[in-house]
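Asks: Per TrEMBL, DNA-binding region is recorded for B:17-56. The NAD(+) binding site feature in TrEMBL is assigned to B:G93, B:C94, B:G95, B:R96, B:L97, B:G98.
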2 protein chains.
Amino acid sequence: MNNPGKASLPVIKRLPKYYRYLRTLKNDGITSISSRELAAQMGTTASQVRQDFNCIGDVNGRQGIGYSVENLLSILEHLLFGNGDLLPTILIGCGRLGKAVSRFITTDTNGYKLIAAFDNSPSEVGKEINGIQILHVDELEAFCAEHKPEVAVFCVPRSGAEELSGRLVELGIKGFWNFSHYDLSVPYPEVVVENVHLGDSLMSLGYRLRNQD
Amino acid sequence: MNNPGKASLPVIKRLPKYYRYLRTLKNDGITSISSRELAAQMGTTASQVRQDFNCIGDVNGRQGIGYSVENLLSILEHLLFGNGDLLPTILIGCGRLGKAVSRFITTDTNGYKLIAAFDNSPSEVGKEINGIQILHVDELEAFCAEHKPEVAVFCVPRSGAEELSGRLVELGIKGFWNFSHYDLSVPYPEVVVENVHLGDSLMSLGYRLRNQD
């Protein structure tokens, strides 16, 4: 296939894991790896590894040698992080969860740059979160017009999520890291949404513990 | 099929979302719904809804009326939460993320009961987290022998994850809510692992924003 723009969601969701493994291999001084070895380490199959790599670019393994770790890493780095440009990101909702998860951006970047944080609680507005002053949500329109953020880390209660997400889409937000229980992608199919539904995740775990053979 | 013990992982992952929607419907006084309406609200297809329900039990929709919301909710509640018994759970790693995510148990239960929290940092041990005193990880063995926790919320850095997860499996932990970057299910295929890899999730979002057509 070899068209990263058309890769399916399950393939895209596996790419960060490949990236993490390959980084470990590189740090350990390993320069090449077969699809079989990689699959064994990742708990998948060699055939899936080959299919996944086939989607993302010119990643030919060589018979008897395997894939070049360096080459795979450089392709994945480009796909996941672009040319090193960081996606301008705002945090919406500075409660305990918002504060905790935004550290995945402020500490590790992961390809993003946190440029502002918003809350509607008087007890939070004006405080700092990792060096960024928390603004009132009423300032969203003015801020977005000037700074053009592209991504929102969305950590608000369900009650406010519908109205706020609509405003954010209007203001040009293209991607949501969505921790709210509001299913954004139904009303806004054009935006990219990565849902992290922690309550759902706990319920799935419970199901498997209680019912699976 | 009608065997909840054999439901596939993608089906299991969708069940909490059905549960949340049906709760909303019930609160709104709606007593029945067709697969088509439910699918539209959830951003899926009627055929998938019917297949999913077919997996989990005796859930027959009636022509022209649809599914009984009450019946579906009671089946899902039983599957997700058992008979109301809470799974005894411990938190491993009481950093900012551990504190934030454990509130999904202490505040909403979601079918779990947090009975202890562990850390190895002298600055955390002895403090309280939602009314539970943080113990040193050295006390894990004694605690587990006495209280028999079944689930671990696993929020430790990758460096300590391998050793600690092995100890926890030895101590009888059957399920992991895994926030670490250690892929537990490869060495321990017999335990149930629900991975929440927040860094990976950010990378997938970045991929889609940077590459998708």
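Note that Cβ sites are derived from N, Cα and C of the backbone, with glycine treated the same way.
Curation plays no part in TrEMBL annotations; they are all automatic predictions.
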Asks: Could you check the binding-site residues B:G93, B:G98 and say which one's CB has the most other CB atoms within 10 Å?
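Replies: Top count of Cβ atoms within 10 Å goes to B:G93.
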Asks: Are there binding-site residues in B:G93, B:C94, B:R96, B:L97 whose CB lies under 8 Å from a CB of chain A, and which ones?
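Replies: Out of B:G93, B:C94, B:R96, B:L97, B:R96, B:L97 lie under 8 Å of chain A.
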Asks: Mean pLDDT, the DNA-binding region (B:17-56)?
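Replies: Mean per-residue confidence for the DNA-binding region (B:17-56): 91 out of 100.
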Asks: For B:C94 (NAD(+) binding site), just give me the three-state DSSP call.
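Replies: Note: B:C94 (NAD(+) binding site) is coil by DSSP, not helix or strand.
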Asks: List the residues of the same chain that sit at least 6 positions away from B:R96 (NAD(+) binding site) in sequence and have their Cβ under 8 Å from its Cβ, in sequence order, or write 'none'.
Replies: none
